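Among the features that TrEMBL reports, domain 'UmuC' is placed at 10-190. Taken from TrEMBL, the feature Mg(2+) binding site covers 14, 108. Annotation comment: TrEMBL describes 19 as site 'Substrate discrimination'. Look at TrEMBL and you will find 109 tagged as active site.
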Ligand SMILES: [Mg+2]
């Protein structure tokens, strides 16, 4: 074990069915019942499902129509984001009692680096247990946790004993854990990538490990080297306490699907106005404009263009977005349009040296 290798103790905390659990907490009548947070209209989408609803195959991001078909007794509850934010704040303040290195991924998920922590507790496993107990005590909600040497493994591990459980992958277990892991459980491998992996004969971490970096880059582009490294336990991304946004965007879902580009231009104007407001508020400009098109069958298409200079002006963004809209023929009628700006002037080019070393396990490292 070389001294440069940053062996860390990372916890990924993830609330269980967060929005749905909050609704069941606040409204006892909903407890034990299949509920979905989201709109019940024809155009509604489920943003969270209770575990009772998941038994019927109701999932987040599913259309409400399909959810109702899967589970006829499903109860739809309107989202109350202010309430979720309030609880999220409560949870974060618990995290900060242990470490300032907290990186929220969303309202209900965060990474914590507890290698050095305010309680002087050498065991990340026990810290995770304590944090989950505190969350339950103070909010009445269950959380799960994953504990390991990097963010990637912690994130994957938090799913394993969910709900209301935790899983530690100790340094000496990392290699076998990753080798045995099903490819669809790798964080960053979505449905489409998983299918591509299957076609290449990659079903487990072990299969992935047998491929060269060149092979993976050839088939998966930049992500190839990410896959090559994570399966070897290499993921040096630090827990970033102050999240600098990578992109700023605005989008709109329409009441009726649009099939004419003329109507879409009008909507793009509204969206770029909204986007400009957001950019001005934080004094942000960016170089890459991305147009997101969600079709009525829910398939997603994104088109991007990178300019040689920073822009934040509504007219310039709109001009680029128009160009992207006309770049390709539309496949179907459109239910949502979004525009985002990335490659922001706020991004500091971090020059963290990537330490490339395979995890070795000789060191006694208390977890
Ligand atoms: Mg969650």
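Placed from the backbone N, Cα and C atoms, the Cβ positions cover glycine too.
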Roughly how many Å lie between the Cα atoms of residue 108 (Mg(2+) binding site) and residue 19 (site 'Substrate discrimination'), rounded to a whole value?
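Distance (Cα to Cα, whole Å): 9 Å.
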To the nearest whole angstrom, what is the C-alpha distance linking residue 14 (Mg(2+) binding site) and residue 109 (active site)?
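Residue 109 (active site) has its Cα 4 Å from the Cα of residue 14 (Mg(2+) binding site).
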Enter the number of other CB atoms within 10 angstroms of the CB of residue 19 (site 'Substrate discrimination').
27
For residue 19 (site 'Substrate discrimination'), name the DSSP secondary structure in the helix/strand/coil scheme.
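Going by the DSSP assignment, residue 19 (site 'Substrate discrimination') falls within a helical segment, counted as helix.
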Would you count the other CB atoms within 10 A of the CB of residue 109 (active site), including those on all shown protein chains?
18
